[in-house]
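According to TrEMBL:
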{"type": "REGION", "residues": "1-20", "note": "region 'Disordered'"}
{"type": "TRANSMEM", "residues": "28-53", "note": "transmembrane segment"}
{"type": "DOMAIN", "residues": "31-408", "note": "domain 'Major facilitator superfamily (MFS) profile'"}
{"type": "TRANSMEM", "residues": "65-83", "note": "transmembrane segment"}
{"type": "TRANSMEM", "residues": "95-113", "note": "transmembrane segment"}
{"type": "TRANSMEM", "residues": "120-141", "note": "transmembrane segment"}
{"type": "TRANSMEM", "residues": "147-167", "note": "transmembrane segment"}
{"type": "TRANSMEM", "residues": "179-202", "note": "transmembrane segment"}
{"type": "TRANSMEM", "residues": "214-230", "note": "transmembrane segment"}
{"type": "TRANSMEM", "residues": "237-255", "note": "transmembrane segment"}
{"type": "TRANSMEM", "residues": "267-289", "note": "transmembrane segment"}
{"type": "TRANSMEM", "residues": "301-317", "note": "transmembrane segment"}
{"type": "TRANSMEM", "residues": "329-347", "note": "transmembrane segment"}
{"type": "TRANSMEM", "residues": "429-450", "note": "transmembrane segment"}
Amino acid sequence: MSSAHTVEDSPDMSNVSPSPSNRKGFRFWLVLLALIVSLFLAILESFAVSTALPVISSDLHATQFLWVASAYGLASTALLPLSGGMAEIFGRRPVMLVALVLFCIGSALGGAARNMNMLIAARTIQGAGAGGIFALSQIVLSDMVTLNLNLPLAGLSFVLVLAFVTLPSPPGNIRKKIAMIDFVGNAIIIGSTCACVIALTWGGVVFPWSSPQVLVPLCFVQVPATLVSNRTSLSGYVQIALCSFLIVNLVYYLPVYYQACKGTSPIASGIDLFGITFTTAPISIIVGASVKITKRYRPQICLGWALAMVGLGLLSMTDTNTSRGASIGYQIVTGLGIGMVYSTAYFPVRCSHSARRPALGGAVPQVWAVTIGGLILQNGLQSRLPVAFAAEFANGASIAYTLVPQVHALSQPLKDEVRRAFAESLVTIWRVLIGIAGGGLLVSLAMRGLPLHSQTDEKWALERPGEDGEKSEG
């Protein structure tokens, strides 16, 4: 055994076998299509809501707009560990189908919502489904390949998964499978995540940061032990969480900049996000190919964090007079860096665990991103808006998103003062993100350069030697 790797960093390869061939059959590509469509609808939902949230908040007279985003992320993140555990017990296919059904139900209820409480409830159901989609897509993909190598769409995904994702299910009756679920552990993770999000949402807005209502919930935050099993996987998980923090804040608060400071419509602000969206995915593909060729992932991650810091630094210089082209150019630099990190940070996690571990690995809570960004924006507006104008809003938590649709109708010079307050408050968010990216760069230095897996977990193989596909055992 090489001295370069410690025992704790060596993955357990006990239930894996070498992939016999790189050639993939027709079923493989159909399953891959089902996963792509499922992920696409879940990610598309985030972008759609982020651009429309100011109008939704204003139309529904929202006083707790942060929960529109936080409820989705909270349910999604809190149920990730449970989804992974249930996939090991009941099998990938039934859990994926349940997740898609939940997403469909949440989407339908959200579209029919007539008040904020109903919308938040629908977003919670939708987030629960999205959490299962995110978890199962990664798990099934890791089962299928080695590391070296909205509603209508949800219906299409359900059909594709039902028809083609015929992965084997573990043996045993329903009673034994239910007994295997760690209800206590999952309840602790879900409860601690909820407590943390509630505290961060209340802090500085509903209650002072020093109040018991904020401090007590923060004392109950729990992290699954599997996330910190070794320094390489810990580094990977932290980087994934930090990178998601950047993405969520950019997706939710760049549209605020364009709508409040530049006077664009929700649809136009979504188009203005193309600087991020049209660079992150292509660079992820390119960087993934470079990892396959070079068998190295550390240089790409470090370069990605550096580029993200540069791009965010450029964004921190934007104001009400910054041209649209310049702001999109800053997005491109940021998107290149984020894309390099996001596609590569999973390698140290997967390399330090066996091919079957991602299903049990849990997840680092990433819902805090929207809450923390929203608090920075709220507090910034409260201190920068004209006192007499801010006093017109009875609840400080409703200022940011309920004010955005009204900016264009304000008279001068109040309009310019409000736009300037938004721009300066958003600059604070970009500066915080620079620090987050810098933290990601420092954390990346702790990971080891482990070899990529060349095995898949034969227990979940799409096809086994001598068999024409596996069928569920019921």
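From the backbone N, Cα and C atoms, a Cβ is placed for every residue, glycine too.
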Feature contact check the transmembrane segment (329-347) with the transmembrane segment (237-255), CB under 8 Å, 3 or more pairs: yes
Distal contacts, the transmembrane segment (301-317) - CB-CB under 8 A, six or more residues away: 239, 246, 287, 327, 329-341, 344-345, 427, 430-431, 433-434, 437-438, 440-441, 444-445, 447
Per the Cβ filter (under 8 Å) with a sequence gap of at least 6 from its ends, the transmembrane segment (429-450) is approached by 4-5, 9, 11, 231-232, 234-236, 238-239, 242-243, 245-246, 249-250, 253, 296-298, 301-302, 305-306, 308-309, 312-313, 315-316, 318, 337, 341, 348, 351-352, 372-373, 376-377
Do you know the mean pLDDT across the domain 'Major facilitator superfamily (MFS) profile' (31-408)? 75
